[in-house]
Structures are given as structure tokens and as C-alpha cells.
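J.: Handing you this structure, nothing more for now.
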């Protein structure tokens, strides 16, 4: 059966590799397909990612970098579910993402691993763990809900599917497990069926299952079915079954009968098993898909087998339902995505014909609405009708596929049945059946509605229409209109009977719906007529209708201006305005005229409306000058100002401030330029300064930045309006920092009497010019002095203020200023009053009135400056008596006491409140000792030092410095820059320190001397303290300091100090002495304190006398001392002495250095003694290893053997390697043998020339490197037998083979190498390299064995390598064979042709050349055969026939002159109709005079130079050849040449046939004349019939009559008359039919017109509007011009549109 006729169509939708999916990822665990929408692939290389393939756009996959163990796309939407194992646990983390929203919907961490999961519904995931099954909804925040536990039969099964029934009441889980031991290849299938309602499970054997819904006849509710397929092995028999069972049968309802069927597997598929099952809900078919690609198709209702075929050569591992087409998708291992669908054109014929199952064919055709069962259905219908089974017939007609019985004939059949009394009419039964099944067609709907309307059951119609059971049509609407207009309108709308719908809406006056409906259906009604109709009754409705028209897509169907005219013709100004305002909202330039119009009509009739329009700023393209004039006339001055663009116009209008809103006028100023604005302001001030001042001030405030503040100020100043200036600057002041502005504001406020404002600004402003303001206020002499006080107080003009007030006798303001305003400035006031010679009583009273608020310091300064300090005595004493602790009070009082010499020392020592610096400074010139007292009391270091230096009071200075104990002070007085340093040091050493009893003071002084780097002075100081029996003689720190200072400053005294002092830090001082290179002193210190190690180190490291150190060590006999000596000896290279010393010291710590030194000096005997001593205390691998090495160096091999047998920690491997490296092979041999290091032992034995032992050791080592070393050594020693033993163990390693081969070859051992390789062929681990290398060796050294070797082992050779070897050695036959084996046919062919004596063999070459890829080699092969083997060239050409360019081959042979040689080849390829081949063969046939073959060639192959061939053979001596030439001319359309050539040879039949085929009347008639001239009457008669269509009857009759051949022309005439009369009859018949059609059409048009006239009253005629004033009549013509009429001159033209006349301009 051809694939085109198969009932199932298979199509490859795509291949996964074609969209970039790697073959390794096309597996069950990596690929998922949950529906026919998406395929999801999980990749793990080159990086973890998930690929989502949308089946609508498969070549645009979405790849996202995601790491997961599994990924599932939602069946319906772009939602992705991901599963990944939590690292280090057996838990799985689940996540659900919305890819489009890029948001995570839900996540959950499962406590156990999910073995399988699947989308069971678009909102639900099924999760299968090792023990249980869970459901997880993607909606809400719910966690997975456990549904049931897995049954035992699914333990250790691989879960392959999980599904739920459509009502989610039944669940099925499917798994597979290894087959039984008797049949392990057949995989077991297990199924668990679970009922959600009953909470019970049932275990069954099945490989695949699926749920379905099926309506059982007699049951309106669908039944839930499960179908499952199984294949099991029991008792040696394989059973394959398909089961279909109903789940949860409905009580009291018909149930589905259980069905089962066999699955027939072919013998080659005995171990195949079902892996998937899909149920087509569209056709109710079951698809069973097996692993090896078999497809079984069964009917769901009957379980009848329909089809079986193999749909995939590769195993199928995944399927998914393709619900839209009633098929399924399948994915196989190769990555093909296959789509299986029902072949709707062939499946019914297949079932009825091939399967002979007529009932199934009919049922499936009805169920799936499929073609192919028409005859069966019609026949069955007729049978039922004949049997009066009307109900069954009605059901069959209702279910008939593709509605073949849903015709008027069927309705007529039921109508024709007579109705029995008391029974339902069959027609109603038929319609009832149709209504239960679905929707009626238009004819059925009309017929049923007639019945219902006649019975007045309108409600039935409404119900059916609501349920969409009827197909609406215009005829149905016309029928229903007779009973219900509303219902008819609904039907018209559904039937898209647009004219009827528009008429109905117009009848209902629902004009807005007309527009909506017309837009929806694309209908264009008469909008003008509709608008006029609405205007008559509903002006506002007309506005709404016009606006709806304006919003239509594609623009308003009626011009806006026309619509406006319609409104204005009826004086509907408000409606016209409303319409225009709405449609002109876009404010487009093309609407300028309409914008002007709407403004004009409203400015004349409703100015307030026009004002609102203009205020909203809706329009910007109207005639602004025209509107400006109209606004001015209407009194809308602000609008006219906005529209005028000339300054005179603006100035004329703007003075009407009485009618202009002030705020609007202010805003208008903002639209003018600064120059025009100033001009207008001047006019306003000129007209009415007082009345317009507020507006001007407001405008200046608002636009001061644009106008310029200076310009505004000048404007007010020009009109001397200080009031305006005051109000203007008052608002601007807070924003300005201009001093001039602030000053002018102060000036304006002062001149307008705003004293409080002057006071406020002078107090708060920071920007006015203080000097200028002060002068202005002094000149103004305001009655209130507070503004002046503010200025002078803030800007430091207090003396000027005081002088002004004192001279103007404003003493009250002086007191007020000092007491209330700023008491802090009282000193300045007092100073100025003193300067103004004010009475002291007033001043004292002023001071006392302020008292504690008065700042004392500046007051004292002011009085002290003027030598009037005593003036303050009473004031100061008064403050002290009040308990004042103010330093300035006490300073002033002290100065007065010092000046009066009233016991100043008592005051200086007892008063705690004065400032020592101030008072001390005051005393310096009066009494320096008093200054020292004051400075000492205040610790004024710098001042005290300065005054004592200046007055040579060094003893006081020394005592003060010692007592202060201040480091900074000491540093200052001991610095070199101090010229009095020596005098101070002398006083400190002689007086201050000896007097001191404080250790802290001494310590501070010593530290200061050290810091100042005065060592000699410090020694002098310390000797005075330490050596002269003072209180500090035994002080530990001072003794250390004395010695250390001496070390630094005077080393000659150090030894004396060491001998005289005992209480110092010996170790520390000794180290310092060493650092100072006082080695003997250091040695003496260390000896004195018994620090022997430090002492010997001084001798060794500093004095560098090993002899003294050895002598010292013998004297003290301490191990530590000997250890130091040994180390020094070791450093100096006295290794033996050092070893002796280390032994005396019993010191093992330096064994590494001793070993190193011993090896350097080769003193291994001493080293052995030392290491034996060390071993007793230390267990170190290094020690034992070095001991063995030392034994080896002194050749004590016996001790080595004894030592390694004893317990030790030596690193024997390392020792052995070291001995081997230093060629101590015998010792190394002992070590390697002991530690069983056979590899090293082998190479050691090689060094010792012990080859047999080396081979034995190498065998034990079994290391490639060892084998190589031993092998190469044996080869060098010509021990080839042993070398071969080694070599066989080497060449099995691919990497080492070439090295062995080169080693043998470099030494000329070719035969031995070949013998080794030949032996290697038989090895179990023999690899390609051995076979290849042996082939290379044969090619080089034993050519005769090469071919045999290649043929025997061609599959085990590295052919490219051997190809190179054969090419180098020029073995062409073998090279060709190798090229063939390697599929390099181009190179093989080239080699054969280039080296044909050795390499060519015909059969082999044919096989080669048929497979070459380079096209040029074909033609090279043709040349090669032409030159060397021409006898068999056709054999070669036939092999290459499908690949050759035949034209090129012919050219090659033609140039070579051997064209005939390839005639058989050309005959074979002539079917390709190649011009060169055709011409070559025709040429050969012509030369051979083979006219039959030539004619056959011309007929069958037309690609050649026809005229050239004809010209070549038209003069041939053979007639048949000339006939061929004529035949060629005929085929080429050269009719005359062909006929002339045939005439020449008397070939009259050919002439007639040529003339007939030419279609040329003249040519045929000329031939008739020729036959008449030749007297060929029979030819004349024959020619009339042959050329019947070309010869005109009058010409034939004329020629026959003239030439007396009427008898011969008569047959022709009879035939012509018969044909002519038949044509006339046909024409008459056609004309009669056309007349009938015209009459029928006219009658139909009349019927349509009468039908339309029924609704004429609904659409009144468009009557003209009544005449309006100024218009001649109705219609749409322009109004006549009135200006030129008699008696009307001087009148302005009347306004159009019925508007009242406008005023003149």
C-alpha cells in the first residue's frame, strides 16, 4: 500500500540536532514534551542550560543558562518547572517560573527525591517519589499534597508516565522493570490505578495507559474510560493485549461494555513492547506506540484494529498528544520530532475497503466528520426511510459526515411523509434530532421557523437563537419580522444583512447604532440624509450623531463645514458651537476657517461663550486680527489685547482698566516685550496715577525680572511716586541682595512715614550700604532714633552714634542703647563720652547702671588707653564684693594695686582669679621679681624663662625648671639655640639638683639631659649623684645609665665603672658593650655575672679566637659552651675538631650541618662515629640514610647489610637512588633488592652488565620505562633474545612503539625489529600501531610481504601512516589498495592513472572511478582510457554515465577523432536529450544511412540543430534520407520547404500531412491547385479531407467546378453542410435560452423593487430647508450678494446662515 493512501500520515516536523541540540542530550531524562506546544531540552555541556522549543517557531529556540536535574514546560503557557537535588542531601528543590513575567511563582523543598514528575493538568504537577505520589498546584501558596502510596508491584520500577482522568477522579502510574529470567529481553510493565473518591489502588500489568471520555448511547453524561496495553511472558507464551474499560459506571445508566483486542507483533519485534499510548479525542482512536517504532491504531468504541506500521527506524522514547489535529507527536533517539495524523481523505475508504468494516467506517465518518462514506450513509438513510424508521433516519441524517444528508431534499422527504393522527410529524422529529445534535443550517432554520411562526410560538425561536441553534439569514429575518421586529433585527445582524439592519435602526430612531454597526461591517449609509432627518426632531441628537461621524476611522464622511452649515441654516448656533468645539479639539492648521467661524458667530451672539473658548486656548489657527476687532467691539478688552499685535492698538485698548480684570491685565503684561510693557505702564500712570498705581505695582512685582528692577524704579521715580516705589520694592526686597535696592526701600519708607518699616529693614537687612544709610538717617533726623541705632550698632558706628546722640542731647537714647540694646558696646560708648568730655558722674552712673552686663576687659582697655583706670576702682570693688570671679575684674584690680604699691606680693600669691600672664606682663617693667612670682603661680614657662634670662635670674630659673619636671621645658632650655644653657646647667648641677630630694625630679633631669644628647654633662651630673655618696648612690637605673653613657661618650672610663659598680644589669649592659665593640669589657661583664655562653660567644664571634674559646671551654666544662665552640669550628671548616667538640657537648641538634660539612670534606669515618652517637638520641630518617651512605662511601657493604636488617628509619629508596646516581651500583643493588624496587634494580643490574638478572627484575617491575631501559641496553650489548623479551612488553604500549622502532633502526637491527614486530602480532594486547609499524617496516625492508600483510590486516592498520610509507617507497599497487580501503577514491584513481603499468586493473578502476568526488577525474579517466585502453572505454563511460557532462565527453572524442568509438555510450545516454549527443548520433546515423534510427532520434530527442541537419541531408542520394529532411522542415515549421521537398520526391501523403499541420489556408489551397495541375484527382479529394479545417468551401467548390472535379469534391461538401447546419441549430438554441434569462432577471429586479418599496415610508425624502433671511431659497447654494441691489447701497453685506447682522469694522 502506497504511503499516500495510508490511513495515518507521518511527517517529520523538525530534528532536534537541526536546532543545536547535541545527540548526547536526546534522551528520556533530558527531553520533555508535555503538550503539542513546547519541547524542553536540558543540556549539561558546554554549560548547563535549558532549551525551550516553541512548536510554532521551532527554528527560534529559547536557550537559558539554568542548572537543573529536570525541566518541564507547562502544557498551555510559558511557565517552566525546574527540579534540582540539594547538594549533600537526598532532597529535591522544586521551582516554578513564569518566563514571560520573569518571576518565580512558587518553590518547595521536597523531603525525599522526586523520581518522576509531570504536568497532569495546566494547573497541577504530579510528583512521584520512591514511595508516594503527590499533587502540587501552581495556584496559591499550597505545598504538595500526598495522593497515594505506590503499590508493591512498582517497587524498583522506572516510572515512565503518570496521568489523570479528565474529571481528576482517577489516576494511573506506569513503570517498567527488567524482564523475567526466562525472557530478560522483554521488559515488564506495571500499572497502578488509583480512585480518588474510593481512596483505593489496583495493581495491574501494563506498559502504557490513557484515559478517555465516551458518550454511551442513552446516557447524556460522558463515561470515563481507561485503555491500557500490556505484553507479558507467561508459561513460555507471549501475550499482547489492549483493554478498554469503563471506570466508575453510573448507576441506572447504560454503561460501556468492556473491550479487549490482541496486539500483533511481527516476529522481528518479539521483544518490542508498548512505551506510550495516546487517545485522539477528535476521532476516538487509540494510538499504541512501541519502543522500536511500531504504531498500532485501534477504535476506542469497539477496540477494533485499524492499522499497524513501523513509523520510526530508531527507538521512540517520548510522545505527546497533538489535540488540534487528532494525532500525536513522537521523538526518537535520532532527535526526529514526528507528527502522526489521520489521513482524512483515505482512512474511511481504507476501513471500508481494506478492512471491509462498513459499520466502523460509517461510525468513524460520523464521529470525525470524515469523507469517504457518503454512498454508505445515503444507502443506509434510504433503507431506514423505506422502513419508516424516521427517528433512526433523522439521527443518521443529523450525524451524517460533512452534512451530506443535511439538504433541502432531505427536508422535503420528511415533509412529504403523511402525518399519522396522534403522532409527532416526522419533519418535527427530524428537526428535534438536529437541535439535540447541534446547529441547523440556513435552509433548515428557515423551514423550522415557518412551522413555529405559523403556530405562533415565538418563544421557541428566541430560545433557539439564544442557544445559537439556528443559522441566521435575511430570509429568516424577513419571516420573523412579521411577528417581532426586535427579534428580526437580531437575525439581520447575525446574518449580516446590512441594508435591512440599517433600515431597522432607522425605523427605531437608533441612529448612533447605525454608525457603530456600519463601522463593524464596513457598510456606508447615506450620512447626509440621516443627519437631516435627526436635525428635524432632535438637534442635540444630531450633534451627537455628527460627533460620532467625526470619530469614524478614515475621517468624517461629511465635510465639517457642510455639517456646520446644516446647523446654522436652522439657527442652531449652540449646537453648531458644541459640534465645532469637539471636532476642532486637535487644533489643526486646516481647520483655521472653522475656528474663525465658531468664534465669529459666538462673539456676535454669545460673547461670553467666545470668551470662554478663547480663555481655554483651544484654537491657534484662526484669523486673529478679525477676532481681535470683534472682541474689542464686544467689550472683551483683555481678549482683544491678547489678539492685537500692534502697539497703538494695545495702548488704545489697555486704558479701559475699568472693564478689565486687574489680574488678567497683570498677566497680559507678561506677554509683552519689556519695552512695550513700559510704554503701556507710562500711559496708564499718565491717565490715572492713583487709580492705576496698584496694577502697575502688581505688574512690576510679577515681571520685575523681565522688565528690569532698575527700569521699574526709574518709572516710579519719574512720576515721583515714592508710594509705588515703596510697595514695589517691598515685595522684591526679600529676593534682592543689591545694596542700592535696599537703600531706596529705606529711603522710600522714610519719606512715606513708614518708620516701623525703616526700623525693621535696618534691623533685619544685611545688604544695604551702612555708611550711606547712616548718613541719610542722620540728615533725615527722624524723631525716632531706633533706625539709626540699628545701623550703627550692627555696622560698628557706635562712636558716631554716641557722638550724634550726645551732641543732639538725646541722652535717653544713650542710656537705652547701653542698658537695653547692646550693653557689650558700653566700653565704646564710655570711651566716646570721655573723648566728648562728658561729666564723670554721668559716665560712672552709666557704668553702674549696667554693672554685671558690662564687659570689663574692653572697658578697662578704653580707660587704660586714656589713663583714666582709677575711674573704675569703685566699679571693680563693687563687683568683687558681689563675689565676681571674672578674671578681667581681678586683673584690673591687680594693676591698680601694683600701681599704688599696696602690698602687691600678698595679692599675687593669694588671689586665685587674676590672669598670671596679663599681670606678670604688667609687672615686668615695674618689678621683675614680682613678674617671676606671677609667672610661677600661672606656670607661664616661656614668659618666666624670658624674664629670668633678661634679668640674669638663673638660680630662680634652675629651681623652677627642676621643680616643673616638664620634658618640653627641659628641651627648650637645653637646646643649643639657648645662649644661656651653660649658666643654667651650672646652676642645675651645683644647686638645684643637690638640693632636691625628689627621685622624680632627678629622673626628669637625667632624662632631659639624655634627650638633649649631652653625654658629658650627663656623666658629670651622674658622677655627682652616684659616686659621691648621695641619696641616689645605689640606684640601679642610675648605675646602668652611668655605664651606658660612658660606653657611648667616654669608653675609657667603662672598665673602671665595671670594677667599681655592682648594682647594674649585666646581661643588658654586656650586649650594649658588644654592640659598641668593647669586647673585652663585655667579656669581663659576662664573666663577672657567670654568663659563660655569652662570654664564649664574645670570644668566638667578636674576638674571633677559637683557641681562647677552647681554653675557656676546658676551664668551665659546660655542654652549652662546648656546643658553641663546636659550631664555630664547623663554620671554620675544622670538621674533625667540630665533631669531637659535638661529641663532648653531647649535642645532636646540628647533625644536618655536620653531615653536609663531612660530605664536603670527605671525612666519612668521623661522620660514622658522630651519626652513631646521634642515633642513640634521635630517630630521624636523614640520620639513618646518611649512615648507610657513609658506609657505602667507605665500602663497608657488610655493615650496610647488617644495618638494614636492624630496625631503622632510613629512606632506603632515596639512599638507593643516591647511590645509583653516584655510581655506587653494588651498594645500590643491596638497597634495591632489599626494598624490592625491581625497576631500579633492573637498571642497576644493567649498569653491572648482569642482563639476565636485569630482565628478571624488569619482569617483576613490569614498567614500560624499565622494559625500555633494559631492552635498549640489551640491544646495545647485542643480547637480542633478551631484547625481544623486553620489546614484546614495550610495543603493546602505543606511545612507546615508535621509540623502540627508531632505536632498532638507528642501530641497523632491521631483521631483529621485524622479528620483534611479527612476534608482537600474536600478543593479546596487540594494537593498530604494531600492525601499522610492521607494514611500514615491510614497505622499507621486505616489500614482498607488504601486500599480503595489508590484505590480512587492513582493518587493523593506521592507513594514513602506511599510505605515506608506500608513497615514499613507491609501492603503487599497495598504495592504491590502501587508498581504496581509506575511501580516498580521488587519490586512488590518480595513483592508478599516474602509475598504470603497476597499479591498473579494469574492474578495480571502475569501482574506484565511480566513487571519486573530483569531477575533473572523470574526464582524466576518459583521456586515460582513450590513450591506453580504447577497446573498453564504453564500459567505463557507462559506469560514469550519471556523473559525466555528456557534451564535454563528446567534445573530447570529437577532438580525438574517435567519435564512433563511443556510439554505444551515446545511445545509452541520449534519453537525456543533450544537444551535443543528439547531433553526434544524428551525424553517425547519417553517415551510416540508418534513416530509421535517424528518424527515431529526431522524434524522441529534439535538442539539436534541426535546420543544419535538414540542409545536410536534403540532397542525399537516398529517398528515405530526403524524407527525413522534409520531416525535419515540417517539425521546424518550415512548411513550404518541407512540401517542396516532398513534391520533388512525389511524396504526396507527406505533402498533405504537412499542409494540414501548418494551419495555413493559403498553403493548403496552393496544394489543391498543385494536385489539379498535376491531374491528381484522388489526391485532390484526399487533400480536401486531410486539410478539411483549412480549406474554405467556396474555394473548394470553385476549383472543383472550374476543373470538372465536382464528384471528387462531393464528399467534402456533404460533410461541410452537415457540420454547418448543426452549428446553426446550436446558435438558435443559445439565443432562446439567453432571452429567457433576460426576462427572468427583469422579473427578479421588479420583485426586489417592490420589496424595497415596502419600507419607503421609513425613509422620508430629503426636503430642502425653508428659506432663511438673506438667502434666495433652500438647498446648499451660496447666498446672493446684497450690496449691489437697488436701494441697498451703503449697507454691509448680510450675514449668511441666518445669523443677525454684524456691526461694521
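Numbers run from 1 along the shown chain.
Backbone N, Cα and C define each Cβ position, glycine as well.
Copied straight from Swiss-Prot:
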type	residues	note
REGION	2-492	region 'Globular terminal domain'
REGION	25-67	region 'WD40-like repeat 1'
REGION	68-113	region 'WD40-like repeat 2'
REGION	156-205	region 'WD40-like repeat 4'
REGION	206-270	region 'WD40-like repeat 5'
REGION	271-314	region 'WD40-like repeat 6'
REGION	493-536	region 'Flexible linker'
REGION	537-1705	region 'Heavy chain arm'
REGION	537-648	region 'Distal segment'
REGION	653-1705	region 'Proximal segment'
REGION	1227-1536	region 'Involved in binding clathrin light chain'
REGION	1564-1705	region 'Trimerization'
REPEAT	551-697	repeat 'CHCR 1'
REPEAT	847-986	repeat 'CHCR 3'
REPEAT	993-1138	repeat 'CHCR 4'
REPEAT	1288-1434	repeat 'CHCR 6'
REPEAT	1437-1580	repeat 'CHCR 7'
J.: Rank 68-113, 156-205, 271-314, 653-1705 by Cβ pairs under 8 Å to the region 'Flexible linker' (493-536) and hand me the top one.
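T.: Maximum Cβ contact count belongs to 653-1705.
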J.: Please average pLDDT over the region 'Involved in binding clathrin light chain' (1227-1536) for the predicted structure.
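T.: Here the predicted model's pLDDT, averaged over the region 'Involved in binding clathrin light chain' (1227-1536), is 88.
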J.: Using DSSP, how many residues of the region 'WD40-like repeat 4' (156-205) fall into helix, strand and coil, respectively?
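T.: Its residues fall into 0 helix, 29 strand, 21 coil.
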J.: Give the residue counts of the region 'WD40-like repeat 5' (206-270) per reduced DSSP state, in the order helix, strand, coil.
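T.: Split into helix, strand and coil, the region 'WD40-like repeat 5' (206-270) gives 3 helix, 34 strand, 28 coil.
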J.: Using DSSP, break the region 'Flexible linker' (493-536) down into helix, strand and coil residues and give each count.
T.: 35 helix, 0 strand, 9 coil
J.: With DSSP as the yardstick, break the repeat 'CHCR 7' (1437-1580) down into helix, strand and coil residue counts.
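T.: Breakdown, helix to coil: 112 helix, 0 strand, 32 coil.
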